[in-house]
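For reference, TrEMBL has these:
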- 1-726: domain 'Alanyl-transfer RNA synthetases family profile' (DOMAIN)
- His566, His570, Cys683, His687: Zn(2+) binding site (BINDING)
Amino acid sequence: MKGSELRQRFLDYFARQGHAVVPSSSLIPADNPTLLFTVAGMVQFNDVFLGRESRPYSRAVSSQKCLRISGKQNDLENVGPSPRHHTFFEMLGNFSFGDYFKKDAIRFAWEFLTQEIGLDPKRMWVSIYEGDDQIPADEEAHDLWLAYMPAERILRFDAKDNLWSAGDVGPRGPCSEIHYYIGDDPDNQVPEGVNSEDDTYMEIWNLVFMQYNRDENGVLTPLPKPSIDTGMSLERLAIVKQGVFRSYETDLFTPIIHTVMELLGTGSEHYQANSSAYHVVADHSRSIAFMIADGLRPGNEGRSYVLRRLVRRAAYFGQTIGFKAPFLAETITTVIDMMGDAYPELRSKQSYIAEVVTGEEERFNKTLAGGLRQLEAMLPNQADKAVFSGADAFKLYDTYGFPLDLTERIVAERGLTVDLAGYEAELEAQRARGRGAAQFKKGAVTERWAERNLAPTSFTGYHELESWGHVLALEFDGEELGTVQRGQEVAFVLDRTPCYAESGGQMGDSGLLVGPHGKIVIDDVQKPVPGVFVHRGRVSEGSVSLGEQVTVTVDAARRRDIVRNHTATHLLHRALRDSLGDHAEQKGSLVAPERLRFDFNNQKGLSSDQLQQIEDQVNAWIRADSKVEAAEMALPQARELGAMALFGEKYGDVVRVVTVGCGDSSDHVHVNSEAPVCSRELCGGVHVARTGEIGFFKIVSEGSVASGVRRIEAVTGRAAAEWVSQQAQLIRTLGEKLGAQPGKVEEKLDALLLDQKARRDEIERLRGELAAGQVDSLLAQKTEQAGTPLVVARVEASDADSFRRLGEQLRDKLGSGVVILGTVIDGKPLLLAAATADQVKAGRHAGNLVKALAAKVGGGGGGRADFAQAGGRDAAALDQALAEASSLL
């Protein structure tokens, strides 16, 4: 039974049992900063289990994308040598949120394994929790299992194997694991094999019974609604059902391995001799495809660095078995062919995934040679040591992009280990240097400000745009000064200011400082230290000195644009939640004078109708001219009033609550009133006094910024009026060019598009006729080389696709033989080779042929035995390459 069928049968079985089929969540956990990646099926339901979130169903089933490559869930070093360890895997799981419990969970598991997919009950073993001084033995599970198997196959284990918990505090409960014997001597199974080093006894499914809660004092109480969380690796289930010993022998991996063999032109002997490298490439190809599809790009921090490690690790292992050029796009194509139906994001991002991974491979290949030379130069210095210098390992990482595990592998071949403590020390030193050099936007304000122990700045800008203050600190070019002069770009701190410092997504104010002897044009204000407002600007006249009393005036027009956009952001947030649901929470925002940007949770893009509905709702609230109020209050009081707090934000004991009223009644609504309001959020920013001041709200774009996160950009006020004016002018201009009135532009374009389609169809028909004639002409040039019918020719092609189609048509019409074609497109030579099935069987390999020819035109490439393409740089060498093609047979 194929892996894809096992996955579908699992989902279909539990759907018949009343479970909602829930799509896999992203590999990047939403709203869970404690996890680098999704490691289990229950991650997306975590808040449901904890009672923080409700779903419209109480039973769920999923096939979840998982990645275990960090922290204690790190399988990376085992990938390759181990027959079953993987970075990426699919976890099949069924879940109950206070619905069914142990009886049905055990029944469902038994029925699915023995009846739905036909596993042998005589090879199955189960384990239950043996109990301790706090949680008793799980006799209930024991008695339930007795209905399905004899008592001698129900084994008891301690908390290490059969107790699950969410941490020191929170839900916990016993679990029951199902193990399966995959050895070839089923008559001699022994209970000691379960949970031992004997890998013929394999755990395939874990049923977690969440039935207790542990408080901060360690006291256990029964959960009011016990729940079920199960997990089963599709890769392990495939091992069992397909009758093999290693997951790399299942159809979840063999097509990728076969692709590698085809690209290299190798056979089973090469694979057996280098199986670890093949397995690394196969495993990492799956992980890389899904990571990029979920929005990651290779980088040097966090999740992006994990992706970079995987790409470079796969590329390195690929080179050890013969690859000279980027190849992962080819293996990932196979992954997408295999898994794209189950995970459509792979197909929709296929070209993007190939582009990203190939670019990273190319960058690594450029640095690999130099890095290896540098490593070789370092090795003599380690001659009398068993440990490779941590400082040198860090230099390889910092300069040549060598992931640490790659350096560890290379030096291990010389009998050395890496000084990990030394490596970490160098890494931390670099981070410290980075922190010391950190700058805020448009200025060099660093952590030096924290060392000055300045008093918090008093912000007066909620109620006034001009106020006086005293100069507490001046900085020019990173140095403290007593006086700054005309022309200098400076940073300064006052004891009080009306200028807002950038925070919460709202940009800092600009304005003007006027002192007794000079002026500073303020460009930006930031808070590098909590409470301290650091202004950045240029001394435009005279000088400014420490201690002087100065007057600061905010750029009023710019501030008005900012407050319009900030209040509009609150209205947009409310409209999104009304339209899409409460899940549409803010993930990020930018409030600038010329526009606003709002990121929010949503799994799919918004339709034109949804966007129009949201825009109309915001404009209705603006026209209502509702009152906007702000007040400070205790955080518990704000929560009682329903003020929305943003995930990930930290709040003090006293918070500022901004409330937008509803229509005419809003004049009678106070910020601490329980009357209905349009919006109530915790917010430290500045806002309009009434929504009517916003004027007009217009959405200009909507798109995706990450898996499950969408972005809306919009304009308000004068920027919105300018945008509408520009669009109207664009329509007028189009009308003039099309010879149509503005109201008839769409009608005219529709007619042109229909005409264009008809012309394209005619062009395709003519191309088909031309290609058919070209095929016949080329067949007339057929020769024979070493007993093989052969067509070699230089042809004209309008693009790469038509070139490929010509090659395929020629091969198919040839019947038996080999086709080698060359062309030049956009000044670059292209080559292809194609072999009929009988010729492939006879040992002809199109990939090898095109690889050899590509080298003659300054290129590289390869491909399958039956068809391959390659490109080059030297078009002038194409004819000579084709002239030598027949000799390759």
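FYI, residue positions are counted from 1 along the chain as it appears here.
Cβ from N, Cα, C; glycine included.
Automatic, uncurated: that is what TrEMBL annotation is.
Recorded features from TrEMBL, shown on the structure.
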residue : record              : Cβ within 10 Å
His566  : Zn(2+) binding site : 26
His570  : Zn(2+) binding site : 27
Cys683  : Zn(2+) binding site : 26
His687  : Zn(2+) binding site : 26
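Listed in chain order, the extra residues whose Cβ falls within 8 Å of the Cβ center of the Zn(2+) site residues His566, His570, Cys683, His687 are Val563, Thr567, Thr569, Val591, Val628, Val658, Glu681, Gly685, Val686. Secondary structure from DSSP puts Cys683 (Zn(2+) binding site) in coil. Per-residue confidence over the domain 'Alanyl-transfer RNA synthetases family profile' (1-726) averages out at a pLDDT of 88.
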